[in-house]
Each structure stands twice: as C-alpha cells, then as structure tokens.
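Listed in TrEMBL:
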- CYS157-CYS166: disulfide bond (DISULFID)
- CYS266-CYS301: disulfide bond (DISULFID)
- 67-301: domain 'Glycoside hydrolase family 19 catalytic' (DOMAIN)
- 1-27: signal peptide (SIGNAL)
Amino acid sequence: MRTSRAEAAAASLPLLLLVALLVAAEGRRHKDGSGDEEAKACDKGWECSGSRFCCNDTITDYFKAYQFEELFAHRNDRSLAHAAGFWDYHAFITAAALFEPRGFGTTGGKEVGMKEVAAFLGHVGAKTSCGYSVATGGPLAWGLCYNHELSPSQSYCDNSNELYPCVEGVEYYGRGALPVYWNYNYGIIGQGIKQDLLNHPELLEQNATLAFEAAIWRWMTPMKRKQPSAHDVFVGNWKPTKNDTLSKRYPGFGATMNILYGDLICGQGSIDKMNVIVSHYQHYLDLMGVGSDKAGDNLDCADQVAFNPSSKNLDS
C-alpha cells in the first residue's frame, strides 16, 4: 500500500466535511427504520431492531466462505502478501452483520445484495492490492494483500485540528480495508464505530473485524447531511438533483468512487486509478456468479464533478 501525499489527502475525508458525519448517520438511522424500538424476529435466523430489512436474506445466505477465498485468492501468500494471515471471511461477516439492519447487503433482494457486496469489496480489493500485470492469477487476484501503508511519507498529523488533536507519538498513516489517513479521520471514524482510533489507530492493522467495520461505516455514512452515502448511490436510494445531473453525477458504481475519493479519481477522464477499481468490481461479480454484464449503468466517474472538491493538494 504505497500512497502519495496527494492520494492520502484525497482518500481521507476532508476535515470540513467530517464534522457532519455522525449527525448525518444518526439522521439516517431513523430514516432507514433501524431506529425503531420494536424488535422483529424473523425466520431467517437473525434478529434486528425494527428495521425494514430484518426479514431479508443476510449476506451469509448468498456469499459464502469459499467465494471470499476465490475473491482474495492470494491474500495469504506469504512470499508476497504483506498481511498474510490477517484477513478472513469471519472478520468480514462479523463486521457486515452490524450494518445489515441499515441495509448493507440486505437492500433490494438477493441480486442487489450480491452486487453491493461485490462493489464494496471491489473498492477494498483495489485499495489493498499488491497485484501486477504478470502476477500469479492476474492483477485482480491480490486484494487484501496489505493492512497498512508500508512506506508512509509523513505522520499525517494536522495540528490545526482542535476537535481531534494529534496524540503525541502516534502516527496516522493509512490503515484498514479502506485505508484511513489523518488524525481527524481516525477521530471521526473511531467515534462512529465506538473505538478510540485517535489514540489507537493501530487497531485497524491489528483487528481485521474492526478494519472491515471502519470501512463499511464509511460506505454507509454520508459525508454531509444532504449528500448520499456510497451505499445510497449504489442501491438506488438516491435521486440526483438538477445540480447533480449538470455535474454528470448519476446513481451507480461510478458515484461510489466520487463519494469515497472525490477528484483524486473522478473528473479526470479514463485514468488507471479509476479503471482498476471498476475492474475489481466487475471481476468480483463474475466470481460471485452474478456476471459483469449485471454491473449496472454509470460504472465510472470519468466525467463527474466531485461532490466535495479537495480543499488542498499536499503536492503543491
């Protein structure tokens, strides 16, 4: 996981956007029905608290351990994989179960659920890959090769942030399934998943379940109150405004990249950094038996204007 300073700045959620995250998440908790108090027991083998997704199939109904192994076939190759023995199916399923009552993998029926899992894991696979063109199994078979940035260019400490100040001696380089950078991002995501990541960011490279949980929280949580989450734009919960359509933002996989990476990936034409994420998603659809022909419309964000343009460029 070798990341330039510009990539780290854009991949992390800008500070001015982050302060609204938890408020937005709380609002969505009630919007999706998961804030209701009445428990609803189902014949699907699980229980959740009043969510409209309670009786839908869960991820384990359609995504099995052998499929996880096929998607991340070389993650435990000790000759090349830098996080061999760290990531596993159980960690993903345990983390995902926390978000199923909010609709993660449980929205819209089996096919939509499978596509969302493939989409989320497509991002994860691309961002943690050590694959290359002539690698065994091909470049798309090496997701979950990393769990942290190997050669940090800096400590990623923003001393101007008073809400989530840097802790002396702690470094905030990229860690996790969707790598987290900067003190303020560790602070807000830690608050979201109820873990002290500001003081202990190393948890994301020590505990695979927490690493997946932090990544799914980002997938499910809007950056601003009136903006969609990556989940929303993918499963059809979001209707573009006139400004969105003028900015060429439409529902689909492309918009998930816009939300997660902004103008680092989007609005730059058909660049490799974008195409490799799309390729992982399509490849995983094939491996899961859905088929890349079902990937949906608006696959890329080549012409999209970023929802939240970068506030700074650390390479300048």
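Here, residue 1 is simply the first one shown, and the rest follow in order.
Here the Cβ of each residue, glycine as well, is placed from N, Cα and C on the backbone.
Automatic prediction, not curation, is the source of TrEMBL annotations.
Sequence features, as recorded in TrEMBL, placed on the structure.
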residue: CYS157; record: disulfide bond; CB count, 10 Å: 17
residue: CYS166; record: disulfide bond; CB count, 10 Å: 20
residue: CYS266; record: disulfide bond; CB count, 10 Å: 28
residue: CYS301; record: disulfide bond; CB count, 10 Å: 29
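Mean per-residue pLDDT, taken over the domain 'Glycoside hydrolase family 19 catalytic' (67-301), amounts to 96.
Rounded to the nearest whole angstrom, the C-alpha distance between CYS266 (disulfide bond) and CYS157 (disulfide bond) is 26.
Here the CA atom of CYS166 (disulfide bond) lies 34 Å from the CA atom of CYS301 (disulfide bond).
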